[in-house]
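To keep things clear, I will list the structure first and then write my remarks on it.
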Amino acid sequence: MDSNSIKVKQVDEVKISKYILKYTFQDWEDIVESDVVIVGAGPSGMTAAYYLAKAGLKTVVFERRLSFGGGIGGGAMLFHKIVIESPADEILKEMKIKLNKVEEGVYIVDSAEFMAKLAASAIDAGAKIIHGVTVDDVIFRENPLKVVGVAVEWTATQMAGLHVDPLFISAKAVVDATGHDAEVISVAARKIPELNIVIPGEKSAYSETAEELTVENTGMVAPGLYAAGMAVTEVKGLPRMGPIFGAMVLSGKRVAEIIIKDLRYS
C-alpha cells in the first residue's frame, strides 16, 4: 500500500455516535443477564474470565479503571518485571506469554506483555471486559440466601460525588477479584449480615506461605459469591506476597474450575 495515495473513508460525526451507541447497547442488553460477573480486571480476574469463557459461560469483567492489569502494570516498585513460579508457568505458556527461566521452576516475565496477553486471551475466549465501571453493591435473594448479581455505576459518576442510582446485572456467580480490599465481599458482609461473612484482613508479607495458601483458599465465600486473587488474602486473613504472580493466575484458574463445577451441578 502506497501511503501517499491512501483514500480514507469519510465517516461523519452522527454516524460515529450512532454506531457506538447501537453496538454498545447491544452488548449491555446481552450482559445484563450473565452467567458470571467478575469484578476487577487484574491477573486473577482475567485468568478466571479466560477459563470461564472458554468453557462456554457468558462472562463479563467490570473494571473500575480505564485499563486492565490490576497490580501487574506497576511491576515491582515500578520496575517492569514480575516473577512467576511453577506450575503457573503452564498457564502463561497456554496464553503464549514469554517466560525467562532464572532457576528451576522460577521465571521472570515482562509486565506489559503479561497483562496485554492475559486480556487478549480472555477476550479471544469470549469474555467481555468493560472499563470505567464500578461495582458498588450486590443483588441477593432469600430462601435460599444467595448472591445473584451486582449493582454497577460509572466510576466517573462516583468520583464526581453525584447521587445517581445504579443499574443491575444478574449472574449465577459473582467473583470478587478487586484485590487487597475485597471490595465486593466487604459490601456484602456489611449489608447482608445473614451471609455470616467475617473478614479478618490481610497480613504482612510472607511470600512462600502466601502463594500456596491463596490458591488453596480460593473459592466460594457465600452462595453465589466467590473470592479470587488478593481478595482471598483479605477475606481469609492470609499474608501478602508482593510482585510474584503465580498464585494470582492459579487462583483465577481455580475459581473458574470451581464455578464451572458449581453451575454444572446446580
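From the backbone N, Cα and C atoms, a Cβ is placed for every residue, glycine too.
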### Message
Looking at the NAD(+) binding annotation from Swiss-Prot, with Ser44, Glu63, Arg64, Gly71, His163, Val164, Asp165, Met230 already listed, which candidate in Val14, Val102, Val135 is the matching residue?
### Response
Val135
### Message
For the C-alpha pair, I'd like the distance in angstrom between Ser44 (NAD(+) binding site) and His180 (Fe cation binding site), rounded off.
### Response
12
### Query
Say you check the Cα of Met230 (NAD(+) binding site) against those of the binding-site residues Asp165, His180, Arg240; which is nearest?
His180
### Message
For the C-alpha pair, I'd like the distance in angstrom between Arg240 (glycine binding site) and Asp165 (Fe cation binding site), rounded off.
### Response
35
### Query
If one looks at the chain holding Val135 (NAD(+) binding site), which residues at least 6 apart in sequence have a CB under 8 angstroms from its CB?
Val37, Val39, Phe62, Arg64, Val150, Ala151, Val152, Glu183, Val184
### Summary
If you tally other C-beta atoms within 10 angstroms for each of the binding-site residues Arg64, His180, Arg240, the top scorer is Arg64
### Summary
Going by C-beta under 8 A and a gap of 6 or more residues, the same-chain neighbours of Val164 (NAD(+) binding site) are Glu153, Trp154, Thr157
